[in-house]
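Feature list (source: TrEMBL):
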DOMAIN    2-76  domain 'Cation-transporting P-type ATPase N-terminal'
TRANSMEM  51-71  transmembrane segment
TRANSMEM  77-96  transmembrane segment
TRANSMEM  244-264  transmembrane segment
TRANSMEM  270-296  transmembrane segment
TRANSMEM  680-701  transmembrane segment
TRANSMEM  707-729  transmembrane segment
TRANSMEM  757-777  transmembrane segment
TRANSMEM  783-800  transmembrane segment
TRANSMEM  821-841  transmembrane segment
TRANSMEM  853-876  transmembrane segment
Amino acid sequence: MNWHQQPKEKLEDLLQVSTTAGLENGQAKARLRQVGPNTLEQKKKVPGWLLFLRQFQDTMILILIAATVISAALGEYIDAITIVFIVIMNGILGFIQENKAEKSLDALKELASPTMTVRRSGQWMTIPSAEAVPGDIVKLTGGDKISADIRLLEASNVMAEESALTGESFPVQKHADVLTSSDVSIGEKENMAFAGTLVTKGHGIGVIVATGMQTEMGKIAHMLSDSENSETPLQRRLSHLGKMLITGALILTALVVILGIMQGQPVYKMLLSGVSLAVAAIPEGLPAIVTVVLALGVQRMIKRNAIVRQLPAVETLGCASVICSDKTGTLTQNKMKVTALAGGNGLTFRKSKKPFERAKHEKLLTYGALCTQIAVEKQENPGMKEELRRDPTENALLEAAEASDISLPSILAAHTIKKDFPFDSDRKRMSVVVTNKKGQSFVITKGAPDLLLERTTQIEANGRVERFTPMKKQEVRQTITLMANKALRTIAVAYRPLKAGETISSAETAERNLIYLGVEGMIDPPRQEAKDAIKECRQAGIKTIMITGDHKDTAAAIAKEIGLLPEYGLVVTGKEWNQASDREKARMIQKTYVFARVSPEDKLNIVKVLKSQGHVVAMTGDGVNDAPALKASDIGIAMGKTGTDVAKEASALILRDDNFSTIRSAIKEGRNIYENIRKFIRYMLASNVGEILVMLFAVMLGMPLPLVAIQILWINLITDGLPAMALGLDQPERNVMKRPPRSSTESIFARGMGWKIISRGFLIGVVTLIGFMTALYEQPDHLVRAQTIAFATLVMAQLIHVFDCRTNGTIFDRNPLENKYLTLAVLSSVVLLVLVIYTPMLQPIFHTTALTVVEWMLVLALASIPTFALAGRTLFRPASRKPAKA
Ligand code: ATP
């Protein structure tokens, strides 16, 4: 269908909708049933049974199954059946882990689902984009991400960035006129906006012509790669590590098998043990557990209002060394209230609940309220609901006027807004052209006082307009500084009557030779929780920098109040920053804690300088113009409430509550997730080292095998499964936020972990062997007893060692019962061990025999050694060499 060629009436006809009232609610529901949800079809899901079967795809598992078949052929039915059972259990465990990982990732995707403003049954309302249908009348505003194909009906200055569809990264101008040519490419359809593209500027209204897979984006959807599912750098590094471990495990296992055969052990038994050992030693569960830990961590972050859009951000968060944060709404509450007015009549503060005196401030309050986006919208749509008032700064201006009995409807009854030049954070001001009842036209401008003053030539005081002498200007500047030092956000208001016949074509022509009217000063109380969060970040070696468009003194006052600006800290303005050379910038940034009056381009430059100094930078933003800086930072953070879709699209993390302290929580969670991954890798690998070494040492010493194949497989199933998972859910150590950030290039084995794995693994192997040898020495003919003791020692040593893995310090540093999942996992493993040893029916299967109390004492004493011997060693270390206590 050539939607771009249809006139409005034809569109109404074709899509069966009235553009003024929109679809009826019922009609929209019926269409939704008919055409389906407005979403792109996901990649085909792997069905459950296939996911389950995939668990057995692993080469080693296949070899194990082959070995089992051989042992069955040799008449070892019980062994064969048990191995099959264990392999299936292993598969189920792997399946549960992977399934859980996939489910949690799906849940995350849903959370980030976008919304749309549509007109239904005559009312504007916000709906999930998935519920939009062809025929819906939608509103587009700068910053929106478009999620359906739309034919524009009205467009004021609309620019769209369509690189996702056309590859063209420069925004293109849109209009609502009919196009005549039928043969036009997507990029040339200037009266249409497409799903997957972004509105960077302006506002407009359009009608949806296609949704879901029918959109242009839908048509190429199968070509898009699903980037959110990509592996994180850590996952990539781990799969590399996995390959190395497999090689290592195979070499060692082969050695065990060859040595065993050379010593005269039966070949088939050695092969079975060898394959079992290889299965046990290869950490096949690693990738799934990492995904589960990442996904569960991400869910915990959501509970704390941080939505992760890109999984790798979870890791990067743990490395963040600088947070560049907006001020308004993030470090402050964004609950603005005008508390001071300064004009030609001097400075007036508002007494707690009392309004300003109307007679004295009428013009400043009226013009301040008239020159707002809310006034512009209210004029277009008088029935507009109050909650649509979005910008707190403008709300404050209106509230101050209303409190003094100057209501917006009464202002709009007396004035008509003819034109508006909206606020943006580059210009830091906004203007309207209005006509009053007497037919006089004038420009009203409001904005950042320092910039506005440059455009004023006259001042109005006590109803008289005078020349704005340099001295007078100086006085006004002093008053503004006084207000800013009290942490007030200041907005100046100025105006200019238009000469007869004068037309205004651009903001530039409007905003000059203005008459200064006054300044409104508003408080925006700091968020109390920000103070603690900044302190905690500082202890964690993370510097917080405030980056704001606000006045230098206002920013500094708030920064001091929340403990962000130390005595020696610098406050730098965008202008000062731009005047500095690259070398000066590099030096300056080390001491700078507040950047004031910056533009979004400055933000980008600040990120670049910080990154060039080796920092890992987290940067917040909300506007369209913030997107480049958000993308350039290591962790772009968008505001969930006030942020535009464009900013959200460009970021890795979204703060649902716009709150600074949420960033702190996310960083803490990020650090913890990484530590937890390290914890279970440490546990799994040390256990595997122990298992391989005990077998290797035994064959090297010419002894019988300390463990039979089934025991090895059982250990792999029980100890590698639940306790490892539980470690992944461990609580953070108390000192996670007292350490400097980890380097992003740090090896997973850094900070002594490699040594810990080898030393503990070695000891686990040695004590198991000692248990085995002691038992054989006492009763040389009772191999099953010796094997049971070795089996119990190995399992118990691992189950004690798991608590040691919870901390970078020693086992004494943490309450062992704190992690209830771990306690449960360990307890159930112990119960299973006891069952396998004492149940008469299971004894022949697992080659075990009941142990006496004395034997258990030996087992427990030996099993404690790997963990406690080395922990004890640290206890006696000189204090200076002790690692920081957890
Ligand atoms: P942050 O970047 O921390 O959110 P901010 O919200 O103060 O800071 P901007 O919104 O870019 O930054 O505002 C910069 C300046 O522009 C403000 O100090 C104020 O003087 C002026 N200003 C803010 N909002 C408006 C508005 N709606 N109309 C006119 N001027 C405004």
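Any Cβ shown, glycine's included, is placed from N, Cα and C.
Most Cβ pairs under 8 Å to the transmembrane segment (77-96), among the stretches 270-296, 680-701, 707-729, belong to 707-729.
Long-range contacts of the transmembrane segment (270-296) within the same chain: residues 58, 60-61, 63-64, 67-68, 70-71, 79, 83, 93-94, 97-98, 100-101, 104-105, 108, 232, 234-235, 238-239, 242, 245-246, 249-250, 252-254, 256-257, 260-261, 311, 314, 673, 676-677, 680-681, 684-685, 688, 691-692, 695, 705, 707-710, 712-713, 715-716, 720-721, 724-725, 728-729, each at least 6 residues beyond the stretch ends and with a Cβ under 8 Å from a Cβ of the stretch. With a threshold of 8 Å between CB atoms, the same-chain residues lying at least 6 positions outside the transmembrane segment (783-800) that come near it are 683, 686-687, 690-691, 694, 704-708, 711, 715, 718-719, 723, 763-764, 767-769, 771-776, 826, 829-830, 833, 837, 846-849, 851, 855-856, 858-860, 862-868. In the domain 'Cation-transporting P-type ATPase N-terminal' (2-76), helix, strand and coil residues by DSSP number 44 helix, 3 strand, 28 coil. Tertiary proximity for the transmembrane segment (757-777) is limited to same-chain residues at least six positions away from its ends with a CB under 8 Å from its CB atoms, namely 682, 685-694, 696-698, 703-704, 706, 749, 783, 785-787, 789-790, 792-794, 797-798, 801, 804, 855, 858-859, 862-863, 865-867, 869-870. The list of residues near the transmembrane segment (707-729) in space but at least 6 beyond its ends in sequence, with Cβ under 8 angstroms from a Cβ of it, reads 64, 79, 82-83, 86-87, 89-90, 93, 97, 269, 272-273, 275-277, 279-280, 283, 285, 289, 292-293, 296, 676-677, 679-680, 683-684, 687, 691, 694-695, 787, 790-791, 794-795, 798-799, 802, 805-806, 819, 821-822, 824-826, 828-829, 832-833, 836, 845-848. Model confidence over the domain 'Cation-transporting P-type ATPase N-terminal' (2-76) stands at 81, taken as the mean pLDDT rounded to a whole number.
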